[in-house]
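K.L.:
So Swiss-Prot says this about it:
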- 1-18: signal peptide (SIGNAL)
- 19-663: topological domain 'Extracellular' (TOPO_DOM)
- N103: N-linked glycosylation site (CARBOHYD)
- N320: N-linked glycosylation site (CARBOHYD)
- N445: N-linked glycosylation site (CARBOHYD)
- N512: N-linked glycosylation site (CARBOHYD)
- N557: N-linked glycosylation site (CARBOHYD)
- N564: N-linked glycosylation site (CARBOHYD)
- N604: N-linked glycosylation site (CARBOHYD)
- 664-684: transmembrane segment (TRANSMEM)
- 685-730: topological domain 'Cytoplasmic' (TOPO_DOM)
Amino acid sequence: MFTGTIFNSLFTLPLVISQFVPPPTRPVDLWDPFKTTTTPFPHGGVNQGLNRDEVVVRLPLGDIVGKEVHLHNLPWTIHKDPTEELPKDGTHFDPNPLKPKNNITVFTFLGVPYAEPPTSQRRFKPPQQLTVFPGKQPYLAFNYAASCAQDVEKSPSPFVDHPYPFMVDEDCLYLNIFSPDISKNAQTTYPVIVFFHGGNFQTGSANEWPAHGLASRGMVVVTVNYRLGAFGFMSMGDSETGNYGLQDQRLALEFVKNNIVTFGGDPQAVTVVGHDAGAASIGFHMQSPYSRHLFRSAATMSGAEVSYHSYIGKTALAFNNTMKLGRYAGCTQAVAQHRWDCILTRSTGDIIDATRNIPIEYNRYLFMPTVDGKYLPGNPLWTLVNAPSGETSIMSPVPMLIGMNAQDGSEVVLEDRRLGEFSQFNDVDHEYLKSYSLEYCYRHNYSMNREATADAILSKYTFWPDRAAAWAIKENFIQFATDAYYTAPMQLSSHLHSSSGSRVFQYVNNYNFSRQHPNLLFIPDWMGVCRDCDLYLMFGYPFLPDELRPIGLRGINFTDTDRNASRTFSNIIRRFSYHQNPNFQFDGSWAAYEPRRHWYINFNYTHEEDWKIPGTLARDYRYQDVAFWNEYIPALVNYMTTTFSPENVAYRREIMVFKWITGVNVIIIALLIVLAGAFGYMVWGNKEDEEAAYKAENHQLVEYRDTGHSVSDATISSRTRSPRSRITNL
């Protein structure tokens, strides 16, 4: 019995120990074992001091130097938010309330490499892990690195005449770190936000989203560059090529897991936040076996992995797009591998120019994530649909925050650069709506009832009281693009994830920024709640000085209402990163999304006191319109012009097969008849020709009168006979 007790203890001891694993701690600095300074000396073997606003941390890759940035007059601190002082009963307030204005220091490390440069022999290949920081030590992380190579003219922006503010290069695998505290004597670590930017996998950059304001809320924020377009997703249709951009993101997550504790972050408390293509990327990582255990929660904004426009489901299409790129880049080799090798010799500009000139037949773009059977094991929609039955599995069914902006589709208008250059995006008329509807159907390969499908879309989004009303046409076009590209996929993703094991919280941002004169330059009246408006709120730009805002937002006059909305929305992200639940501690009214109860928060603030609650709880956001795209349009596409009742589907197939066989038989019989006629003509026609020719010879035989003469003495016509005639007469 005693032996059995020891035996049981040996097997239960590891389980007991695992329950008391200590939280991650910051590494001990051999230059400063007693944690008396943030700056280790000497670094790089040189006894060199730092400027007052510079800080250095030590990683296994080498020393890295960043900067301090001071933010002033903020209504929160890194440890407390004003909403946390509001008790549920409304009577017992915090005895140590926050001051109305607080100063916070954020530590920034910009342009930090997380992989070897994907150039030269590493071009169009999976990213390789970095072993040491490049260049002279320590590594100076003071400025943003280059954005990934892209066609900057495709970027949806109201500033069509403004040059792109960052350099672009294929050497672009860098990230930016914003931390509220890197002191080695800190007693705690902070949750981590890893942000993947949007741009439909074609454009965008982490550099466009400075995160000082979000980091000041008590989170370590990491913004990531990843390869785009052909450079990130060109594929031969196999499991060895393509999806480089997704693999870049995964390697960045591994970098965070291995190093973020040095910057004050908790590697076990990582929340991935993605916008547009970044949101779809998160859905792909949740399904990929290669991204397991790299994050504990996810927030997807204005994008979904189930959208037709987020991935290429057929490897043959990915292969064909690559071959087209080769042809347009001047590579005409007949062997596919040789053409691929030729593309690798083309410059960055050559590839961008060739991609721009290729007509797109299917989907919105040529190069996107591909279902390769490896990194993306299966079709994302099919995987989610079959997950509840156990036929497929979601590798990372983490808690999710899913949301969008009310007019996300405005980016489709902004993407049309010609529309902006020639008419300031004003020439959206009925013909524009009609042509776009038909083009939408062509891109979706709606070969059945293509025109009927386009007519259904046009009918739904036509303003029938006045078909010529310009304001109504543009408004309806934006709603069409919003529903098709954002609302319907978001609702479908929420439904499937909530059915597959994830706890889902949904929001819709209906907050309109103030519209004074300077603001109209970056958010015109017609745009409504723009595609990036929730990011402006989340990153806290209304609280930042001009020099720390994105270039397009400098000079904007944000109001107190704007700041109030930003404070509340960023606190939603803060609560979710800390607790995987966006509810405030005194208010649990934000109900989770359910498959049959589609709860969401309508985020719309017009009064300053409204910041006390996260929004208005509602149900079934635009569900009638969602059904149009997710149910009616697919059914209409599959509807045959000549149809039978549903119960006779098998009989209909037999009829179709019979028609095909009958048609083929008729064609064969007709061919046989034609061949027989031709053969008969050759046989009988030649004989008739010979007889006619013989008669035409005008032969005259003389009556035989002398029995002493032979037939050769007979008198023959004076006309000369042909050799053939002689043979015949003999």
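Here the Cβ of each residue, glycine as well, is placed from N, Cα and C on the backbone.
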K.L.:
Per-residue pLDDT averaged over the topological domain 'Cytoplasmic' (685-730) comes to what?
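P.N.:
Mean per-residue confidence for the topological domain 'Cytoplasmic' (685-730): 50 out of 100.
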K.L.:
Report, in whole Å, the straight Cα-to-Cα distance of N512 (N-linked glycosylation site) from N557 (N-linked glycosylation site).
P.N.:
14
K.L.:
How many other Cβ atoms sit within 10 Å of the Cβ of N512 (N-linked glycosylation site)?
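P.N.:
If we count other Cβ atoms within 10 Å of N512 (N-linked glycosylation site), we arrive at 21.
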K.L.:
Within 10 Å of N512 (N-linked glycosylation site) by C-alpha distance: pick out those among the glycosylation sites N103, N320, N445, N564, N604, and say none if nothing qualifies.
P.N.:
N604
K.L.:
Roughly how many Å lie between the Cα atoms of N103 (N-linked glycosylation site) and N445 (N-linked glycosylation site), rounded to a whole value?
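P.N.:
Distance (Cα to Cα, whole Å): 56 Å.
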K.L.:
Cα-Cα, whole number of Å: N320 (N-linked glycosylation site) versus N445 (N-linked glycosylation site)?
P.N.:
15
K.L.:
Go through N445, N557, our glycosylation sites, and report the one whose Cβ sees the most other Cβ atoms within 10 Å.
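P.N.:
Counting Cβ neighbours within 10 Å, the top one is N445.
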K.L.:
Do you know which of the glycosylation sites N103, N564, N604 has the most other C-beta atoms within 10 angstroms of its C-beta?
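P.N.:
Top count of Cβ atoms within 10 Å goes to N564.
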K.L.:
Taking the Cα atoms as reference points, how far is N604 (N-linked glycosylation site) from N564 (N-linked glycosylation site) in Å?
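P.N.:
Distance (Cα to Cα, whole Å): 11 Å.
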K.L.:
What is the separation, in Å, between the Cα atoms of N564 (N-linked glycosylation site) and N445 (N-linked glycosylation site)?
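P.N.:
Between the Cα atoms of N564 (N-linked glycosylation site) and N445 (N-linked glycosylation site), the distance comes to 46 Å.
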K.L.:
Return the count of C-beta atoms lying within 10 angstroms of the C-beta of N320 (N-linked glycosylation site), excluding that atom itself.
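P.N.:
Result for N320 (N-linked glycosylation site): 15 neighbouring Cβ atoms inside 10 Å.
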K.L.:
Check the DSSP secondary structure of N557 (N-linked glycosylation site), expressed as helix, strand or coil.
P.N.:
coil
